[in-house]
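A.B. asks: Would you mind keeping the following structure in view while I ask a few things?
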Amino acid sequence: MKGLDRNLPTWVNVGLLPLLNVVTALLVSAVVFWLIDVNPLEAAEILLYGAFGYQEGIGFTLYYTTNFIFTGLAVAIAFHVGLFNIGGEGQAYIGGLGVGLLCLALDASVPGPVLLLLSALSAALFGAAWAFIPGWLQAYRGSHIVITTIMFNFLASSLMVYLMVNVLREPGQMAPQSRALAETAWLPYIHDLFAAIGVEFERSPLNISLFLALLCAFGAWVFVWKTKWGYEIRTVGSNQQAAVYAGIKPARVMLLAMAISGALAGFVGVNEINGVQHRLLLDFHYGYGFAGIAVALMGRNHPIGIVLAALLFGALYQGGAELAFEMSNVNRDIVVVMQGLVILFCGALEFLYKPLIANMFKEKTA
Amino acid sequence: MIDTLILTLDATMRVSTPLIFAALAGMFSERSGVVDISLEGKMLAAAFTAAAVAYLTNSAWLGLSAAIMVSVCLAMLHGVACVTFRGNQVVSGVAINILAAGLTMTLGLSWFKQGGQTPQLTDAARFSTIEFPGAEMMREVPVIGGIYSEMLSGHNIFVYLAFLAVPFTWWLLFRTRFGLRLRAVGENPKAVDTAGISVHRMRFAALLCAGILCGFAGAYISSAQNAQFVRDMTAGQGFIALAALIFGKWRPLPVLGACLLFGFLDAVAVRLQGVEIPGLGKAPIQLIEALPYILTVVLLAGFFGKAVAPKAIGLPYVKER
């Protein structure tokens with residue numbers, strides 16, 4: 001492919017090409033809808049209504065968005081140092097374990113605000129630790145981060161099943177889940193906050209961890225673009241050799257980036273366990289880690305892009321649930337298909353249209 | 001005790017079969033320099049296709065052919081993304097895995113209306129077992145009889161094919177010109193290019209082999225080992241195969257060994273379900289199931305031996321002008 005090497009104007013690279021890719025992903029999704037005998041336009045209408053059409057839907061959309069912001073930022077921070085962290089799945093799971101263990105131990109004795117603060121810290125710490133090991137193995141032992149993070153996803157899963165079945169299960173319960181946490185460990189719901197100031201808002205799982213997510217997005221922007229550490233991360237990410245000459249130790253920078261990445265993914269546990277489930281259980285993390293890859297790719301690894309992409313994915317998740325509810329021959333997995341297509345076209349095939357566009361530019365200038 | 005061992009080994013052969021196919025598939029792809037974490041997705045799509053087509057046509061062989069076709073299509077998609085357009089190979093693999101998971105469920109529900117499963121296959125639409133001559137007579141002979149009639153005889157054709165595929169792959173990769181070129185493309189593509197051989201064409205050829213083998217793996221799971229497709233049927237076996245590929249250091253015989261070891265662990269874990277071990281209490285099944293992943297991580301960290309990947313792995317080839 002000849003045009004792949006040609007340089008194109010910035011607006012084409014960051015604007016036109018990504019746009020064409022997203023449109024292609026949506027068009028192929030439309031073909032899938034058509035394959036299963038669903039009118040794509042009708043489906044889009046139901047999706048949009050489900051995601052934004054009524055208060056409860058909006059609540060659910062933003063609740064999913066919260067998780068996607070966390071995992072999207074996690075993937076992005078690792079990307080900036082040149083590592084591909086596909087272990088968000090496991091890190092989110094272990095982050096939730098961190099929340100659960102802490103709250104199960106302390107929820108009777110520690111007052112609410114302190115407990116919530118501690119459990120957020122615990123989520124970050126557990127998630128960071130789970131990402132730190134693959135990071136360390138990559139930086140100091142040369143084992144490939146992609147493979148180790150895949151393995152760590154499975155290890156997280158096995159560990160959680162073991163703990164839930166044998167250690168943390170509520171006595172006398174068949175289902176592998178812990179006892180319910182005391183209310184001091186619950187994050188306030190947004191609808192309760194609204195009610196407190198006299199505004200009516202339908203009940204939904206949306207809780208204040210959305211603000212934590214937005215804070216993280218802002219924090220990530222400051223960290224990556226405004227601090228010394230962020231500068232080092234970007235330097236190592238773009239040219240490791242040059243970084244060494246500049247006196248940066250790539251291994252340590254990688255560890256830092258992986259730990260932060262894991263901590264961000266771990267916050268999914270705060271939204272899920274403190275915010276919604278109020279007990280520790282299996283598979284509360286399901287799919288958010290992998291979706292984070294799509295979110296980061298779509299958002300071009302920039303916090304603003306990630307928040308927007310997370311909102312899109314939140315809407316897709318909630319709209320997809322509505323679609324599955326409305327149509328008997330559709331289930332929520334259609335969203336997984338769309339997610340796969342976004343990753344395919346925005347990530348793997350990101351240069352799909354480059355030769356074509358490059359040709360058009362050549363003709364114009366010739 | 002001997003009988004238990006024979007039964008466990010018998011199960012090991014059955015469980016290892018898809019791992020062997022998939023790990024060999026990964027070997028073709030990765031030896032040519034293309035990372036293949038989409039083994040899982042290709043297997044899953046193939047499993048679904050095999051069950052769906054076998055049900056509709058009532059022919060196991062048509063199911064297998066269709067499974068191979070679908071798996072090859074996904075492999076070619078991977079090739080277009082990361083060979084032709086130089087996309088990120090890991091991203092492409094993740095995309096294919098997610099796409100396969102979503103599509104199998106979406107199409108399954110819409111076509112068969114059974115919550116994403118395919119209907120049960122009749123015997124005609126499945127691969128039946130092959131009894132070795134004299135297996136029944138041998139059954140009574142102690143030890144050898146058990147090994148012959150229980151462990152070696154009575155599997156379906158895939159199991160034997162998987163074990164034959166290992167020496168065949170070894171021969172193809174290490175004793176033919178095609179294999180030499182394929183391995184060279186994964187180690188030093190520039191040299192291959194200089195010799196006037198197309199790097200891209202070699203990588204596509206390698207992916208074609210990978211697609212065919214994943215087709216076998218998937219068809220085995222849904223239409224030989226089981227008699228229908230169910231949600232997430234491959235359950236991470238593609239990743240176990242990937243682990244086996246690394247654990248076997250990208251070489252046919254060690255990879256076979258790794259597949260058998262991982263299969264054995266799986267068979268043992270099933271056998272130990274709920275069994276009390278004296279002094280230890282209930283066996284932690286999850287630990288045994290997690291062993292392949294732990295072993296692979298430890299190996300990759302270089303704590304015993306060293307797994308050296310093909311040098312050009314993960315790098316798109318750019319011809320210099």
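Placed from the backbone N, Cα and C atoms, the Cβ positions cover glycine too.
The feature transmembrane segment is assigned by TrEMBL to A:12-36, A:62-83, A:90-108, A:114-133, A:145-165, A:208-225, A:253-270, A:334-353.
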A.B. asks: Counting only pairs at least 6 apart in sequence, do the transmembrane segment (A:90-108) and the transmembrane segment (A:253-270) share 3+ Cβ pairs under 8 Å?
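C.D. replies: Judged by the Cβ rule, the two regions touch, with the required three close pairs present.
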A.B. asks: Look over the recorded stretches A:114-133, A:145-165, A:208-225, A:334-353 and say which has the most C-beta pairs under 8 A to the transmembrane segment (A:62-83).
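C.D. replies: Going through each listed stretch, the top one turns out to be A:208-225.
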A.B. asks: Residue list, the transmembrane segment (A:208-225) vs rest of chain: Cβ under 8 Å, 6 or more residues beyond ends.
C.D. replies: 62-63, 65-66, 69-70, 73, 76-77, 80, 120, 187-188, 190, 193, 233-234, 260, 264, 267, 270-271, 274-275, 302-304, 306-307, 310
